[in-house]
Amino acid sequence: MNKYLEYPEVESKETPPQKLVVLLHGIGSDGHDLIGLVPYIKNDLQNCHFISPHGIEDYDMMPYGRQWFSLRDRSPHIIATLIANNISKLEDIIREKQTELNLTNKDTVIIGFSQGTMIGLYLTLVQQAPFFCTIGFAGALIPPMKINNKLTPICLIHGALDQVIDVSEMYNASNYLSKLNIEHSVHKLTSLAHSIDGRGLEIAINFINTCHNMV
C-alpha cells in the first residue's frame with residue numbers, strides 16, 4: 001500500500017505489463033493532471049502500465065496542489081538539497097509499484113513535466129540501475145552531487161515560447177549531459193509555451209519505441 005497518497009493509474013492493454021511508465025507532474029498540480037495524457041498515448045504503448053503519483057508535499061505557495069520540493073528559494077544549491085532530501089520518497093513509490101508488477105528499473109520509463117522533469121532527471125542520474133528511458137517536458141536539470149547512472153537515454157522536449165522555464169534550460173541540460181557522454185536528444189517546439197502538445201507526445205512515443213528497438 002502506498003504510504004503517501006493513493007494516485008491514479010491506468011493498467012496496460014496487454015498482460016502482464018512489460019513496462020512501467022511513471023508520470024511526474026509540475027508544481028501546484030497533482031497526479032490527476034498527467035494521467036490525462038494516457039488516453040492519447042496508450043494505444044501506441046499497449047504493454048505499459050501507467051502511474052501518476054501525487055507530489056510528496058503539499059504545495060507551499062497555494063492552499064491546494066502538490067509539489068516534489070519547495071521553490072520558495074530557487075537558488076540551485078537549495079533546490080539540489082531539497083531534491084536530495086526527498087528523492088528516496090519518490091523512489092519508494094516507484095519501487096512499490098515495480099514489485100507489484102514484477103518489473104525493475106530496466107522496465108521503467110520516467111516522464112516528467114516542469115518540476116516533474118527536474119526531479120525525474122535527478123532521479124535518473126542517481127540510480128544504481130538504469131531506467132529504460134527518461135523523457136522531460138519543459139523542465140530543467142538540477143545536477144546531483146554524484147552521478148551513478150550514465151546509461152539511461154534521455155529525451156528533452158521544450159516549447160520555444162515557454163515563459164515559465166526558458167527553453168535555454170533544455171540546452172543547458174544538453175550541454176551537461178554531453179559532457180558526461182549521456183545519450184540524449186533535444187526537441188524545441190515552435191509556437192509552444194509551457195505545455196505539452198501532440199507533437200511532443202508523438203516525439204515521446206517514438207523515443208520510447210526507438211529505445212525498445214535498441215534493447
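Note: Cβ is positioned from N, Cα and C throughout, glycine not excepted.
The feature active site, charge relay system is assigned by Swiss-Prot to S114 (among others), with similarity to another entry given as support. Counting Cβ atoms from all protein chains shown, S114 (active site, charge relay system) has 24 others lying within 10 Å of its own Cβ. In this structure, S114 (active site, charge relay system) belongs to neither helix nor strand by DSSP; it is coil.
For D162 (active site, charge relay system), the same-chain residues lying six or more positions away in sequence with a CB closer than 8 A to its CB are A138, L192, A193, H194. When secondary structure is read from DSSP and collapsed to three states, D162 (active site, charge relay system) falls in the coil class. If you look up Swiss-Prot, you'll see D162 (among others) marked as active site, charge relay system.
Neighbours of H194 (active site, charge relay system), defined as other CB atoms within 10 A of its CB across all chains, total 17. Summarising the annotation, Swiss-Prot assigns active site, charge relay system to H194 (among others).
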